[in-house]
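Visitor: Have a look at this one before I ask anything.
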C-alpha cells in the first residue's frame, strides 16, 4: 500500500484541486484563503474509514517533528504548518483505535479488540519490496490480511481499497523492470491471500489499473535462446519505448553483455531518451469475481466500475436493485444476488502500473 494520501488512494475519499496537496504545507496561499483542505486532513476527518495502512508519516505531524524511525534526518521530519498532529487527532476521535509505525507494533495489534487501525511505516512512500526491511515494514500481503481481519468484524460488510504501494509505477518510470515486476508478484500474492480470507459468494473482488506503461516484450525466439537485434548486439527480452535507459554512445547502442543485467537495479534499454519513462495510452484490463462480476465485459469508462460496485451492494443510486426474497412456499429459484448474500464485501485492487 502506498501513501494513503497518494493520487489514486486519495481519490476514494478526498476532493482536491491538486493531487500534490498532501499536507497544508503544499497548499498555495490562495487555496488557504478559500478554505481548501489538504488531503491528509480530509483523510483523518473521514469517519467512514476504519483502516489506514501505508506510508506518509511526515504529512501528519507538525513541521520539524523528528521521524520516529529516522530521527536525525531533516528531510524526513514533519511537514505541517498548522502545527496539528493528525495522528493524535485521529486517535482521539475513535474508540478502540491503534496507531503503529513499526512492524513489531503492527504484528502485536489484536484484531479482535481493534476497530480502527492507522499504520504509517515510512515518512513518504513505502520502500520497494526488494529493499524492504522485513523487520521494520510489513508487506502488502500482511497489511491486506490485517485490514480484512479488522474490517470483516463489521456485520454490514466492508469496502477495502488496496493499491500496490505505487511502486510498480515508480519502478517503470525509473526504467528498472525488476523493481516493478517484483512489486507485481507481491501484489498478486496479496490478492490470493485476500481470496483465502473471503468468500466469493458474497465478496466482489475487482482488479484494475489506472494506466499502462510503455513496457514491452521484444523478440520471438525459443525459451532460453539469445536474442540479437539488427546491429548484432544482444538485447534483453523486456524493454521500454522511452525512458532513462536510452544508451547510445557515438551512434552505437550499448552492449548488455558488458553489464550485470541481473542486478536488482539494472536499467532496461529504451528506444527514446527521457529522464523518466512515460505511461502508455492503451486500455487497461478489469478483472473481477463475485456477485455481479459478470457486468464487467467489453470496453467501459472508468466510472463504470463504481456503478457496478454500487449496484452489486444495492447502494445509492441503486438501493432498489434487490429482488424480494422468495416466500417460504415458493418453488422458484433464489435470485442470484438475494438478501441472503448481503452484507456484500467489496475489494478494489489497483495496480499503479
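Cβ from N, Cα, C; glycine included.
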Visitor: Please pick, from 102, 116, 248, 279, the residue that TrEMBL records in the Zn(2+) site together with 169, 173, 210, 211.
Guide: 279
Visitor: Suppose you had to name the range TrEMBL annotates as region 'Disordered'; which of 33-56, 57-80, 129-152 would you pick?
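Guide: Per TrEMBL, the stretch marked region 'Disordered' is 57-80.
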Visitor: Let's see if you can do this one: DSSP helix, strand and coil counts over the region 'Disordered' (57-80), in that order.
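Guide: The region 'Disordered' (57-80) comes out at 6 helix, 2 strand, 16 coil.
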Visitor: Near residue 173 (Zn(2+) binding site), which residues of its chain come within a Cβ-Cβ distance under 8 Å, counting only those 6 or more away in sequence?
Guide: 213, 243, 276, 277
Visitor: How many whole Å apart are the CA atoms of residue 211 (Zn(2+) binding site) and residue 163 (Mg(2+) binding site)?
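Guide: Checking the Cα atoms of residue 211 (Zn(2+) binding site) and residue 163 (Mg(2+) binding site) gives a distance of 13 Å.
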Visitor: Using Cα coordinates, what distance in whole Å links residue 279 (Zn(2+) binding site) and residue 163 (Mg(2+) binding site)?
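Guide: So the alpha carbons of residue 279 (Zn(2+) binding site) and residue 163 (Mg(2+) binding site) sit roughly 17 Å from each other.
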